[in-house]
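Engineer: Dropping the structure in here first, questions after.
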Ligand code: NAP
């Protein structure tokens with residue numbers, strides 16, 4: 001059999017991001033013409049190298065697409081009170097439409113308290129309880145960027161969701177839980193799996209859509225899938241050569257799946273794109289007030 005016939009369609013997060021970012025640039029320019037440039041305020045605490053890279057990419061994406069951005073680099077020794085006070089200033093600043101505090105935070109700072117201090121109408125990550133609750137009740141204000149990006153990918157590739165069985169592996173507040181809610185909102189029958197799930201492949205074998213958001217290599221292999229399933233790889237891990245890789249065993253999954261996202265070039269770029277979209281939409285809402 002021709003090997004090519006059995007390969008999955010690659011969901012290209014770079015290309016889709018490019019299209020979505022063109023739209024962001026146009027809408028940002030329209031707001032700027034009204035004197036209301038969309039603004040993102042980013043806060044980085046400490047010197048975690050991975051966080052520094054994420055933050056730099058977010059700020060750079062803003063610059064490239066006509067959003068203004070500020071980066072507050074605070075030392076790891078900053079007190080919780082000082083950080084909360086800085087966030088309150090940003091809450092009051094009319095030039096700031098989105099506030100993002102890069103996680104994780106140093107152990108002496110309560111990240112829950114930090115997230116709850118961000119004004120919910122500027123919480124472009126969508127982590128504030130008001131936004132989590134709005135998502136839960138079907139009236140989302142900000143959808144968390146990574147799951148929102150995944151939904152855009154499914155839509156762009158005409159992958160049906162309503163009536164389908166979706167398995168989300170991972171139950172974090174940042175990815176797994178909001179992912180499950182968005183799939184539910186779109187009409188899927190959703191199973192959430194996690195580290196205590198007794199038989200992961202029992203669930204994945206009947207899934208039309210599998211989203212892996214675990215942070216461990218090779219959690220999903222081709223023999224765990226139904227032929228033609230869509231597999232979305234959110235994971236970001238390092239392989240033996242210290243190169244970025246996801247949660248799935250790409251070669252075996254690629255032979256069974258109908259659609260698959262690569263790492264890199266899949267969900268990662270979409271996450272930053274959706275941060276731009278959320279910030280832009282926040283600025284558009286503020287302009288209409
Ligand atoms: P997290 O908070 O560590 O959550 C991981 C989840 O995986 C937990 O719910 C855990 O279950 C579950 N899990 C662990 N081992 C498992 C196993 N063997 N089988 C099934 N489930 C298992 O991580 P996260 O923040 O959700 O992120 C997940 C991954 O996505 C990480 O690699 C992260 O770097 C990546 N990520 C990527 C992007 C992007 O833009 N591409 C954005 C965000 C995150 P328990 O709850 O039972 O512990």
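Yeah, the Cβs are placed from backbone N, Cα and C, and that goes for glycine too.
Relevant sequence annotations retrieved from TrEMBL are reproduced here:
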type	residues	note
BINDING	170, 171, 172	NADP(+) binding site
DOMAIN	11-125	domain 'Tetrahydrofolate dehydrogenase/cyclohydrolase catalytic'
DOMAIN	144-286	domain 'Tetrahydrofolate dehydrogenase/cyclohydrolase NAD(P)-binding'
Engineer: So which of the binding-site residues is most packed in, judged by how many other Cβ atoms lie within 10 Å of its Cβ, out of 170, 172?
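Structural biologist: Highest number of other Cβ atoms within 10 Å: 170.
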Engineer: Might you list, by sequence position, any residue in that chain lying six or more from residue 171 (NADP(+) binding site) with a Cβ less than 8 Å away from its Cβ?
Structural biologist: 177, 180, 192, 194
Engineer: Taking 8 Å from the centroid of the Cβ atoms of 170, 171, 172 as the cut-off, which other residues in that chain fall inside it around the NADP(+) site?
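Structural biologist: Surrounding the site, in chain order, are 168, 169, 173, 174, 175, 176, 177, 192, 194, 213, 214.
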